[in-house]
Amino acid sequence: MSAKVGVLLSGGVDSAVALYLLIEKGYEVTAYHMKTVRDELYITKQIKHKVCCSPSDTHDAQLIAKKFGVPFKIIHVEDVFKEKIIDYFISENLAGKTPNPCFFCNDYIKFGFVMDVALSDGMDFVASGHYARILNGKLYRALDKEKDQSYFLASIKKEKLSKILLPNGEYSKETIRDIAERAGIHVAKKIDSQDLCFLPDNDFKSFFEERGVKIEPGNIITSEGKIIGKHEGLPFYTIGQRKLGVAAGQKLYVKAKNVEGNFIVVSPLDEVYQNEMRVKNLNIYVDLPDEFLATVKIRKKFKEVPCRVEYLKDELKVQFLEPVFAVTPGQIAVFYNEDEVLCSGVIE
């Protein structure tokens, strides 16, 4: 009897090809499509950039499932998504941090709520179109390093990895699109999602206004304490940001955000580099020694740097072997040994 796999089918090319590859390997596939926010969000807004989980994605996912003759289930996760992802996003922003909701969506929603539904339906495995690899119960980067998504999957608990299949991890994005073309999948050339599903076009101001969250303006000050302008609200800025709307006579970058005083500290470029950080809320994949060397990635588009790590049981004390720009509280740090993911956590 063939193993049963629940494929997280978004309506994009990656998950469509993952579904196709698993069918070709002889698995018995069921498609699971999740709805994170109400369709009205996409209907009432003029959205410029592609986002996931929209009504058009649902339509595409239905067509893909129909083409391959597999059962199709829509899973409504709006309530748990609001509780675990949107509310977290708001609270972290109000605390002066820069959160990464996609990281936690993979843990709580895709490989949490939806995975639980699929397994309770009798699925043996859950699969997605993510670019990463799981080998012998361990998480690794994809072979295509440009498209690798192990950074975002490093929130998934270790014990779940044995139940997850990532067929795309062995292929390049170009090859995935070629496979889609040859298989006659209609979304072969569909563009990738660019923005957060609940925050189209990164319209932060409308997002907070619509939820009745009052964002107060405040002062922009230099490291010496001189007021040089006004900011529109702390959530609209992040560490390392340069476009501040103030004329200072030199290039200044956001160095810190002070929630109590509601002010932003700016400084020249060299002052925004750090030599160390602390990381909490750990998700650990291997037995960590008290001290170890690794490379660390501190945001999506970031060149990893080597570091020395001290494991203090509930947190990591990280010493960079070279200065790092814009270490941002609330963002995710993922630690690697070559291609293997060692652990992850939230930057303090």
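Here the Cβ of each residue, glycine as well, is placed from N, Cα and C on the backbone.
Record check: Swiss-Prot places L8, L9, S10, G11, G12, V13, D14, S15, M34 at the ATP site, and the matching candidate among G122, G129, G137, G169 is G129. According to its DSSP assignment, L8 (ATP binding site) is in a strand. Proximity to H130 (site 'Interaction with tRNA'), judged by a C-alpha distance within 10 Å, picks out D14 from the binding-site residues S10, G12, D14, M34.
Cα of C105 (active site, nucleophile) to Cα of L8 (ATP binding site): a distance of 13 Å.
Figure note: comparing Cβ neighbours within 10 Å for the recorded positions S10, Q331, the maximum is reached by S10. Over all protein chains present, the Cβ of C105 (active site, nucleophile) has 26 other Cβ atoms lying within 10 Å.
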